[in-house]
Amino acid sequence: MSFVTDAVLADPAQAEAVLDLGAAPRGFRGRIRGLRAFASGGLPAEELERRLLELGFVEGAEVELLHQGLFGRDPIAIRVDSATIALRRREAAAVLVEPAP
Amino acid sequence: MNEMSAGLRDLRIALVGNPNCGKTALFNTLTGSRQRVANYPGVTVERKEGGFLTPAGRRVRILDLPGTYSLRARSPDEVVTRDVVLGQQAGVEPPELLVCVADATNLRLALRLVLELKRAGRPMLVALNMFDIARHREIEVDAGRLSAELGLPVVTTVAVRRGGTAALLEAIDAQASPEPGTAVWEAPDAAGLRALQREADRILAAVVRVPDRRDAVTRRLDAVLLHPVAGLVILLVVLFLMFQAVFAWAQPAMDLIDGGFQALGAAVGALLPEEGAAGLLRSFLQDGLIAGVGSVLVFLPQILVLFLFILLLEDFGYMARAAFLMDRIMGGAGLHGRAFIPLLSSFACAIPGIMSTRVIDSRRDRLATILVAPLMTCSARIPVYTLIIGAFVPDRPVGEGAWSWVGLQGLVMFGLYAAGILSALGMSFVFKRLLWRGQPTEPFMLELPDYKLPRLRNLALGLWQRAKAFLRRAGTIILSMMVVIWFLSSVPRPPEGADRPAIEYSLAYGIGQAVEPLLRPIGFNWQIGVALIPGMAAREVAVASLGTVYAVQDAEEDAAQLGQALAGKWSLATALAFLAWYVFAPQCVATLSVIRRETGGRRWMWFSFAYMLTLAYLAAFATFQAARALGAG
Ligand SMILES: Nc1nc2c(ncn2[C@@H]2O[C@H](COP(=O)(O)OP(=O)(O)O)[C@@H](O)[C@H]2O)c(=O)[nH]1
Ligand SMILES: [Mg+2]
């Protein structure tokens, strides 16, 4: 768990507005507040966090949920700055975002 | 030699960068056709190496490395990139200069990689590629400022334009012979990655001005192509068109090749007498060599059309979208979303398909894909299917009016492909349950690149490489198997005044008789038994072998008329069983050896051989018995 996330979640006023990207609807726009990685798909939490970071999911980055699949609205395509990344909602849940005003 | 080039040593460089940043395009433009594709020792990661001369006369050897987002290699592909970059790859001299290719329209992740590479202490320069697109989209990148921020030379390139590499060539010439030195690199942890990305973002803010963040064409296309429903429908249509094209477009070229070989065979036949030792030579040239090579080469057009589609879709940027659309469906079968691309390539040939599974990080997910990839209908089965369908399925439309454009033969072919796909999905589901007890698949994460207009030059080079690989195969394995099968079916020659067909005196007849009892329950005769044996080397040889066996058997019949001959000799039930057998047929030595190499042992090779053989037998058995029960015996 990253220190940024801890700080975000500790502040109730901020935690209000924060949701995880895995739950976001299509068309959602927002900014990454932190990562809260967990073990997923056989990867330890720490490894999932690093993979997300390598694809640009870093605090402060702007995101937009562009597309979603037919079955269970999965996977999703996320615009992160200049790149478009496809991933499943399950792993996207590790990315905490606040909606753009 | 002039003064300038005298001071310039030869140089070894390597292209590194994110996937889709244009490394291969740059490699193709720099080297032209002076390139070679081989494998890194011990692994089947494709090693693309080439050479070129700079304007100043410097000789440069260049490597096109697999794309990566970080040196923290997770897949076999990325391991090669890391090891070459760090100078630790066995059999590869460390590159003296890294050319870090970055997509100027998508710099964020590229810059993070550049910073990571720079930390590793390798001599490098940055090529801001796709500069034409950046300019068109009014993305302003200050290359001078970027160079100052990074402390590295930065040039702009347009990989797909002839003059687009001038600045890069100049920079390579300006490069004093660098000392590679020792690489120091340690996998960054999460905090390290954050720090690198922050630094990259800071530089980005200083050097790039972007008026509109998204490519308008990509946005509009994706609205349709990634639409939850329309996207899936379009994907199906694309696949269907691909298979129709394989048959419709390739036909004229196939007829030409077929005619050419027949004429050649007839010409040779006219030169030599039928009797005596010269008769044996004549039979060898005509039935063995010319008919054998011809019957395989005739499929080159179909294979090229198939590869043309795959290369087009890849260059266009659609392959990643297909993986996105198919992810859940693949996931239902226990496969990784990324497995879609290897499986689609397996339609051309399981070998590149299995090799491209190296983009899948997890070993288990990779293994599952490797095991089922040979079930996808590879182009080597096309000859078998075409022959049998041509002989037993009437060439007429499926229906009237709206259906009149769908041919019955094409529909059966589509059905066979569908059977391959469904069995691949089914088997991976079974493997997942039985072998790995439902352990989870690794997360699906994939960048969707902007759409690009495919370039003729890249397509041509890609097709040329496939054609070469196929011809080499036809010239070695297939040709030698054809010689063997001709030998078996022609030796010994029948005695003078023999009253039975010549083939019944041959070694092949003995072999066929020996395996026939095993094959009787699935409706195969001894001729098929003989053809299956050399078919072990390569599936398409089975057709040529059948041709040889029947040609030697009835000397008056031409191997090219094989379809008609079979229609008279086989029952419909046998033909259907033969098709069912080939949906699963494990006979392909090259595929088995790639499986051995990729999985690092014989165990999985034998496993896949055994399970496919079992499936083939069961499928042929069920088909034959069912067809007979329905009166097609
Ligand atoms: N317009 C333009 N297209 C490019 C350029 N470089 C590469 N491309 C295209 O970008 C796509 C991906 O390039 P490729 O070389 O396969 O990327 P790789 O994954 O890094 O090897 C292909 O369709 C190329 O034709 C460029 O400088 N300008
Ligand atoms: Mg490439």
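The count begins at 1 with the first shown residue.
Any Cβ shown, glycine's included, is placed from N, Cα and C.
According to TrEMBL, the GTP binding site annotation covers B:17-24, B:42-46, B:64-67, B:129-132. Applying an 8 A CB threshold to same-chain residues 6+ apart, the list for B:Met130 (GTP binding site) reads B:Cys21, B:Gly22, B:Asp103, B:Ala104, B:Thr105, B:Val158, B:Ala159.
Under the heading Mg(2+) binding site, TrEMBL lists B:Asn28, B:Thr29, B:Thr31, B:Gly32. There are 24 other CB atoms within 10 A of the CB of B:Thr29 (Mg(2+) binding site), with all protein chains counted.
As annotated by TrEMBL, domain 'FeoB-type G' applies to B:10-178. Computed over the domain 'FeoB-type G' (B:10-178), the whole-number mean pLDDT of the model equals 89.
What TrEMBL lists as transmembrane segment is B:223-249 (among others).
Here TrEMBL flags B:261-281 (among others) as transmembrane segment.
What TrEMBL lists as transmembrane segment is B:288-313 (among others). Proximity of distant same-chain residues to the transmembrane segment (B:288-313), defined by a Cβ-Cβ separation under 8 Å and at least 6 residues beyond the stretch ends, is recorded for 238, 242, 245-247, 249-250, 253-254, 257-258, 260-262, 264-265, 268, 319, 322, 344-345, 347-349, 379, 382-383, 454, 458-459, 462-463, 466-467, 470-471, 474, 478-479, 482-483, 485-487, 490, 540-541, 543-544, 547-548, 551, 559-560.
Outside the transmembrane segment (B:333-355) by six or more residues, the chain places 44-46, 303, 306-307, 310, 319, 322-324, 326-327, 362, 365, 368-370, 372-374, 376-380, 417, 424-426, 428-429, 431-433, 438, 441-442, 444, 446, 466, 588, 590-591, 594-595, 598 with a CB less than 8 A from a CB of the stretch. TrEMBL lists B:333-355 (among others) with the feature transmembrane segment.
Summarising the annotation, TrEMBL assigns transmembrane segment to B:367-393 (among others).
Residues or ranges marked as transmembrane segment in TrEMBL: B:405-431 (among others). Packing against the transmembrane segment (B:405-431) from elsewhere in the chain are residues 240, 243-244, 247, 329-330, 332-335, 343, 347, 368-369, 371-373, 375-377, 381, 385, 389-390, 393-399, 579, 583-584, 611, 615: each is 6 or more residues past its ends and has a CB under 8 Å from a CB in it.
For B:470-489 (among others), the entry in TrEMBL reads transmembrane segment.
Under the heading transmembrane segment, TrEMBL lists B:570-592 (among others).
Residues or ranges marked as transmembrane segment by TrEMBL: B:604-627 (among others). Within the chain carrying the transmembrane segment (B:604-627), a Cβ under 8 angstroms from the stretch's Cβ atoms is held by residues 367, 370-371, 374-375, 423, 427, 521-524, 572-574, 576-586, 592-593, 595-596, 633, all 6 or more beyond its ends.
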### Positions whose Cβ lies under 8 angstroms from the transmembrane segment (B:570-592), at least six residues beyond its ends
350-351, 354, 374-375, 377-378, 380-381, 384-385, 388-389, 391-392, 416, 419-420, 423, 473, 477, 522-525, 528, 532, 535-539, 542, 605, 608-609, 612-613, 615-617, 619-624, 627-628, 632-633
### Task
Select, from B:Gly17, B:Asn28, B:Thr31, B:Gly32, B:Glu46, B:Met130, each of the binding-site residues with a Cβ positioned under 6 A from at least one atom of ligand 2; if none does, say none.
none
### Summary
Integer Å value for the Cα distance linking B:Gly32 (Mg(2+) binding site) with B:Lys23 (GTP binding site) is 14
### Message
Tell me the Cα distance separating B:Thr29 (Mg(2+) binding site) from B:Gly17 (GTP binding site), rounded to the nearest angstrom.
### Response
17
### Query
Out of B:Thr29, B:Thr31, B:Gly32, B:Glu46, B:Pro66, which binding-site residues lie by ligand 1, with a C-beta less than 6 Å from some atom of it?
none
### Query
C-alpha of B:Thr29 (Mg(2+) binding site) to C-alpha of B:Lys23 (GTP binding site): distance in Å?
10
#### Entry: Separation of alpha carbons, B:Asn28 (Mg(2+) binding site) and B:Asn20 (GTP binding site) (Å)
14
### Query
Within 8 Å of the Cβ centre of B:Asn28, B:Thr29, B:Thr31, B:Gly32, which other residues of the chain have their Cβ, at the recorded Mg(2+) site?
B:Phe27, B:Leu30, B:Ser33, B:Arg34, B:Gln35, B:Gly50, B:Phe52, B:Leu461
